[in-house]
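Asker: So Swiss-Prot has the following annotated:
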- 1-21: signal peptide (SIGNAL)
- Asn67: N-linked glycosylation site (CARBOHYD)
- Asn177: N-linked glycosylation site (CARBOHYD)
- Asn355: N-linked glycosylation site (CARBOHYD)
- 433-453: transmembrane segment (TRANSMEM)
- Asn464: N-linked glycosylation site (CARBOHYD)
- 505-525: transmembrane segment (TRANSMEM)
- Asn561: N-linked glycosylation site (CARBOHYD)
- Asn586: N-linked glycosylation site (CARBOHYD)
- Asn611: N-linked glycosylation site (CARBOHYD)
- 708-728: transmembrane segment (TRANSMEM)
- 757-839: region 'Disordered' (REGION)
- 760-777: compositional bias 'Polar residues' (COMPBIAS)
- Asn763: N-linked glycosylation site (CARBOHYD)
- 788-800: compositional bias 'Polar residues' (COMPBIAS)
- Asn797: N-linked glycosylation site (CARBOHYD)
- 911-938: region 'Disordered' (REGION)
Amino acid sequence: MFKRIVLAVINLVFLIVSTTAFASLHYPESFNQQLIRYKGRDSSNGYFELASEAYYTGTYDLVEELNETATCLRADCREQSNSSPVVRDRRRVDPTFYGHPKTREQIWERNFAHVIEDNRQTLSLVTLLNKIILKYLHSCIPIVLFDTYVATTENYMLEALFSDFPITYITGRIGPNYTLDNPGILEPTGPQCRSYIIFLADVMMTRKVIGPQMNSYVVLIPRSSQWKLQEFLAAKQSRDIINLLVIGESYSVDKRINNEQPYVLYTHELYIDGLGANRPQVLTSWIGNKFSRNNVNLFPRKLRKGFSGHRFTVKAAHQPPFMIKRLSTDGVGNVNIRWEGLEMRLLRVMAQYLNFTYDIIEPGRTELGPGDAVVEEIKRGQGDMGLAGIYVTIERNLATEMSVSHSTDCAAFLTLMSSALPRYRAILGPFQWPVWVAVILIYLLAIFPLAFSDKMTLRHLLGNWSEIENMFWYVFGTFTNSLTFQGENSWSNTRKTSTRMLIGIYWVFTIIITACYTGSIIAFITLPVEPERIDGIEQLSRGFFRVGTLDRGGWERWFLNSSHKQTNKLLKDLRFVSSVDEGIRNVTEAFLISYAFIGSKGELEFLIKSNLSHQFENKRYGLHVSRECFALYGVSMVFPPNSVHRDPINNAILYMQEAGLIGKLNRDVTWETMKTKDGRRKEASVGEVLRSTAPSERGLTLADTEGMFLLMLFGYVVALGVLISEWVGGCTNKCREVLKERAERLKAAAAEIAAAATAGSDNGSLPVSSPTSTNRNSPHKRTGPNGVENSLPASGNGSATVRRIRLTGEDSENEPNEYDVPPDAASDGGSSLQRHSLSECLSEVSAHTMQDLYNGPDRRHSTIVFLDGQLMSEEEAQRKVARSKSRHRHSLSSVLEREVSQLFRFLGKESPHSARADESSDAGGLVRRGAGRERKEMKVAVEINARATEEGQQGPGAAVGRRSIEATFGEKLLH
């Protein structure tokens, strides 16, 4: 019994001693330090650091330890140097196994459990990122960004990520101020897209680093708490990062040493209410290299339910037909603004589709033009959307965001045109001018082959224009059957086969041409023909136009850098106006030089059809907008830069274009806003009214056939012009002959005056004419310049009666006339003249006729003829000669010549007072008075001897002189 007690005590003591020794052996203090030194570290990593409101395990920095050692005090350093060095105890080798000894690897695992745990978390995150990259980021080059904190504390994770990165990538380092060391990597070159993988300590600085991202995928791995992540996802800073995925580590309280912590994947929902708030959304979690929820889209589509009634601010300006502003007043005088137009209807449809509301506000700076004013305020962020029929240009795309083009518009020319060609031009309508030229040439050139085939020569045509004219009428009459030629030289009577073949060919050609013309003339007469319109810049440059456009809205600068030569030539003198109404007024009121206005084609057509169509009703001229586009533009909506609602609205516009809704809305606007020609709105028609009625038959009116009458009138006018030219040419030739004859007569008169003056100075008496039996002893009285009737005595032998007619100059009342015969010197005549002398004929003429003769042929005739003892006009003389053909077998000229020769014939064969023998044959004796005196005027006396014998009983030796007697008033009495 005692032995058992002693044995039990011994065992108990041994057990206590062995347990204490084993415990001291199993957990030695120096052993842990040796293991740490084995990894190259001097102390245990047992401290924690606070970073971005998250606790995490820190690392030991040898540089900081060295710095602390270098800056220690001398006393401390002396104490550290005096301290005893660490003594390494060798492992005790005991071949006896006590309990359950562990291997070295198990001991290392127990001592370095936190390192192994961090390694597992790192590998799990790297695996998750590789999976996301291969599934979502493979189409775009990813940009990996990390800040300084991650680079210093998690270099093992970055090394593992970059070593197994599946695709090409770009890396960037974020500086201490959350700015990139190389900002150029955020600006992609070319069409390649970008995606981002960001390692960041503070999640709230994400937008500052990368800015707004509308289309790029962003994967964010922050080192912040879950509460900070949710705050970021609900804040305004994450609203303009649409495709956002946040990976956050889940921190649990009961952390087991070998357990892996899961990663939670977050995103956000945009515009969950009318205020535009965001809400964080948990997608799934990642643990054990797999997702907790399979088949989850990590980048879901945002704004699928619209904007939840969010109210947008819309900037709008009047720009028809896209935005039309209408003012109306209510019963109390308040002004109400109502907006219409294509873009307004489009906005209403999109508001219902995307579930949002809007407020329309007009821009402030209207002097910039509707488009530029709206763009300026949207660029400054004063509105969420801009509507004003804004053209898509490079400068506007750089300053703002523009939607896809919902419509197209272009710059067009507005000109004044004729509504229809005049009906009188319808006779020329069936053929164009080249056809008319060809037909005329064919008929003209037909003369030569026909003439050559008939005569076998062309000599009879060369230089003979009258023959060529006759040939033309032969051709025209033969082919048109309007004239018939049966002469000896007519081609219709030819017997040559070649000529007949040519005539037949031309005849068939004429039949075909005539059939073509008559078949088309009815259509051109009954239906109006539209004239040529200005539809292109080539036509505009060929005409004389002044070109103008607006001085605002971009029109003043859009065409300055054109590379088109015709455009630069046309717009080098571009005029500017302040409004479209002023430009239209310049077009309609242009004088001498036409005016063309460049503007929006949609706006010009809208203004013409809605406001100006009734003004040009039943008028020959109207406004015309060119069909060709001078410059094509797309019409879009304007958004501020990096707008979240841009893509949903773009998708809605594309859906509406595919469905044809935009075309329907455009037709509705045209139907409800544009007016008809009578100024009323367009009205809908149903049933039978929509069917087009056939045109009713009608007879041709005078307006339809006025071209034919005008053609006939044109022929008469041309013929009258030719007749006048022939008459003028004949008168011109006659005047030339008269002037030539007058010059010769004056020359002869001057010679006779000189001879008469010489004879008068020698003899001092008048030349005496030969006597006749008719006027012998027959005195004739004549009133002298003093009013006394003087009888002209007979000659020395009493055979002739001398009369003097003063034709030029005027004698003074008191001047004696040496040629006047005293009254008692006259002798009585036994018989009277058979024909009246010229003086008697003149005395029988009325005073009115004498006044006409003196004043000249202003109202009556240019030629006075003395015929059968009477003064008459040339036309009366021609009629008298025509009536008395039995008596006068000769022409009027021969009759006049005979009458004048009988009237102006000297009776004397040879005068004794003549200076020369041939002076007796002259028509009259011309004597100059006062050879010794200075003469101021020249007076010519003509002695007329009226012969009493019968006509035709003249002596063979009688000299017949023919002269034209001209008075001082310059009238030609006889010729």
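Every residue, even glycine, has its Cβ placed from backbone N, Cα and C.
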Asker: Expressed to the nearest Å, what is the distance separating Asn355 (N-linked glycosylation site) and Asn611 (N-linked glycosylation site) at their Cα atoms?
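Answerer: Per the Cα atoms, Asn355 (N-linked glycosylation site) and Asn611 (N-linked glycosylation site) stand 36 Å apart.
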Asker: Spatially, which candidate from the glycosylation sites Asn177, Asn586, Asn611 is nearest to Asn561 (N-linked glycosylation site), comparing Cα atoms?
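Answerer: For Asn561 (N-linked glycosylation site), the spatially nearest of the glycosylation sites is Asn586.
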Asker: Looking at the glycosylation sites Asn177, Asn355, Asn586, Asn611, which one has the fewest other Cβ atoms within 10 Å of its own Cβ?
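Answerer: Ranked by other Cβ atoms within 10 Å, the glycosylation sites Asn177, Asn355, Asn586, Asn611 bottom out at Asn177.
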Asker: Using a 10 Å cut-off, grab the number of neighbouring Cβ atoms around the Cβ of Asn561 (N-linked glycosylation site), all chains included.
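Answerer: A 10 Å sphere around the Cβ of Asn561 (N-linked glycosylation site) contains 7 other Cβ atoms.
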Asker: Cα-Cα, whole number of Å: Asn586 (N-linked glycosylation site) versus Asn611 (N-linked glycosylation site)?
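Answerer: Each residue's Cα considered, Asn586 (N-linked glycosylation site) and Asn611 (N-linked glycosylation site) end up 16 Å apart.
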Asker: Tell me whether Asn586 (N-linked glycosylation site) sits in a helix, a strand or coil according to DSSP.
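Answerer: Assignment for Asn586 (N-linked glycosylation site) reads helix.
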Asker: Please report the DSSP secondary structure of Asn561 (N-linked glycosylation site), reduced to three states.
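Answerer: SS state of Asn561 (N-linked glycosylation site) = coil.
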Asker: Sort Asn177 (N-linked glycosylation site) into helix, strand or coil using the DSSP assignment.
Answerer: coil
Asker: Return only the integer: C-alpha distance in Å from Asn611 (N-linked glycosylation site) to Asn177 (N-linked glycosylation site).
Answerer: 62
Asker: According to DSSP, does Asn611 (N-linked glycosylation site) fall in a helix, a strand, or coil?
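Answerer: Reduced to three states, the DSSP call for Asn611 (N-linked glycosylation site) is helix.
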